[in-house]
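If you look up Swiss-Prot, you'll see 1-278, 759-820 marked as region 'Disordered'. Look at Swiss-Prot and you will find 83-102, 172-185, 232-245, 260-277 tagged as compositional bias 'Acidic residues'. Taken from Swiss-Prot, the feature compositional bias 'Basic and acidic residues' covers 130-145, 769-786. Per Swiss-Prot, motif 'Q motif' is recorded for 302-330. Summarising the annotation, Swiss-Prot assigns domain 'Helicase ATP-binding' to 333-507 and lists sequence analysis as the type of evidence. Swiss-Prot lists 346, 347, 348, 349, 350, 351, 352, 353 with the feature ATP binding site. For 455-458, the entry in Swiss-Prot reads motif 'DEAD box'. Feature annotation from Swiss-Prot assigns domain 'Helicase C-terminal' to 537-714. Annotated coiled coil per Swiss-Prot: 681-729, in sequence order, evidence recorded as sequence analysis. As annotated by Swiss-Prot, compositional bias 'Basic residues' applies to 806-820.
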């Protein structure tokens, strides 16, 4: 028995305790007997010197073990105290407790609000997270030119030049000024011939327009609101027409040709839905569930807890202050949890993002966790929308272990590849960057995708995205759940069938043409011949009417940039948002507008879809958009989530069709429509100010161009240096591939522009064609002849015709002489 005793001594001294189930007895013995009992045991088996060493080591271990055990014992004691505090009702309760199957009481409700009260975000809009700002700073490679800095620098130069003028010139200028004042006093009043001419041009028309517009304002106050000035003639009755025809001096009102065409188009569109198309829809869509009025009233009182969602999801919803689901969320969440395909549509600002994010998170909570795999792909048409959706999804998943990744253009490819190596659960991307990683990143596989979401699906189904969408759909698995959402969702079966939907459920909460009921729509009419005063109207509205939290939409990036410079010169704080800016600049513009550093956001249709910024009070359309659908998305940036807002459109005669469609849909819905009257003299004054700034605007543009060229030259230098230093590494990288050639890209871009603006816009642009040598020589000869360097040289035909003319002329002269 001696050998076992020798082995037990080192076991007690050198064995290190680990966390396991067998250590509970050891811990309890240590806590009950204390350090003295342990010292006695060690004294029997070790020397005095060893005793000191072991005592020091065991004391440090015992402290940690005691803390762990105390926490466990504390929890157990709490449970015992709670059990002891309950009233004893005899042995029957003990028998019932032993037979408990673990099910929750049906009346039990989670106190989600109190649990997440510390992290509640009031009015969360998907922006302002630190991740977005850090990502923009880290991944923004391009340093843009600061327009405000150029403007301030030029203004400082002008002030310095004025100060450098000698005092003599100042005295002379004062004398000249006094002389001019004397001359002006002789006339009695100053005469501005330019203003006089403008008033003379509009003299008769101005009075008529004013009466029409004042009549409209009276009609607006009485409750009958019109689309814009001039619509009274469209709504006149037959009796008025007969009375007008009886009087020779009054012309019978005639309907505008564009209105006639739009009415005919509308009737044709309504008649297009024939029996064949209806049969297609019945065969393609799943049958819709009929809800009674009582069930609809009950649904409006529902909360998120009644969807049987998991506690982490409910805590995430409470953290962003989502309490009651919106109509689209009430309809979508139960169907999406069943794994069915969905085609959803609701007005702007109704919570469509949360409608598909919440069921996705709920399903991912029950995923297998042994091997990380990417299961969800959410595709967005614009970068800003993808960044916003990423922020919303990560905020809702705060209390879960679900991982996310955003694949957006403008951010670092290397960092995105590193994140993809970890196989995140949800991928939020734009189509172009998604395809780039799909083809060129070895760590990214799409074979495991189970859910595909297309946000703003009607835009994704247009010709501009058709090729990219087809490439994605043919690569990812066909056995998936597909969900499509948009405010203006298409019903065309031919378009939807391309997505590969399997008997989708159609969830149309509102009509496709509806706007928010809290939105007031205004229209400012530009009379024929006053289209060049459009900027004057905009400056008047932004300077005197709508002074803060305004988004101004433009059709062209060039026009938005010029107006941005004009706003800076006039002292209006503005930021721009369009496709010519780097991703860092775009995110910075949105953040500055959101935080109130700037009052105006000048944007193209890039910001028309999905952008959710809290507190936007007004949307101004510098020009009416190309279609009514785009108009709905633009004005949907305000009056979101039950808040009120206002939209103002500056409309001329070419915009008549879109304005009429908007007014017609709003009246059918019962929304507020008004006509805003702007004094032409005020608009002319602001237009003249804008005209005076043209020279300064061009100078700022020229200086900006020079700075961009310098920045580009610096970038080329650094690129060349990197090529020299790291040539072997750069040349060893595999070349990135794309599914389409450059020619196919150009054709796809043209197809998208043709669908948006019409075929005429594409045909009107002159295509750049490479000239042959023969054509170049012909152009050079014509240029030289025009300059007068080389005279015109007769050709063979010209010489022969000239000879024939001389012969015929001689014969005629001989005949005349013979007659004489």
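Keep in mind that glycine also has a Cβ here, set from the backbone N, Cα and C atoms.
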Sequence gap of 6 or more, C-beta under 8 Å: which same-chain residues meet both conditions with respect to residue 352 (ATP binding site)? 328, 344, 346, 455, 485, 486, 487
Which same-chain residues, if any, lie at least 6 apart from residue 348 (ATP binding site) yet have Cβ under 8 Å of it: 487, 515, 516, 632, 633, 635, 636, 637, 640
Per-region confidence, the domain 'Helicase C-terminal' (537-714) (mean pLDDT, whole number): 92
Residue distribution over DSSP helix, strand and coil in the motif 'Q motif' (302-330): 17 helix, 0 strand, 12 coil
Taking the centre of the Cβ atoms of 346, 347, 348, 349, 350, 351, 352, 353 as the ATP site, the remaining residues of that chain with Cβ inside 8 Å are 326, 328, 355, 487, 640
With an 8 Å cut-off on Cβ-Cβ distance and a minimum sequence separation of at least 6, pull the same-chain contacts of residue 351 (ATP binding site), or say none. 325, 326, 328, 329, 641
Can you count helix, strand and coil residues in the compositional bias 'Basic and acidic residues' (769-786) using DSSP? 14 helix, 0 strand, 4 coil
Tally the residues of the motif 'DEAD box' (455-458) by DSSP class, grouping H, G and I as helix, E and B as strand, and everything else as coil. 2 helix, 1 strand, 1 coil
So if I draw a 10 Å sphere around the Cβ of residue 347 (ATP binding site), how many other Cβ atoms end up inside it? 26
Translate the DSSP assignment of residue 353 (ATP binding site) into the three-state scheme. helix
My understanding is the cutoff is Cβ-Cβ under 8 Å with a sequence separation of 6 or more in the same chain; which residues meet that for residue 349 (ATP binding site)? 516, 612, 636, 639, 640, 641
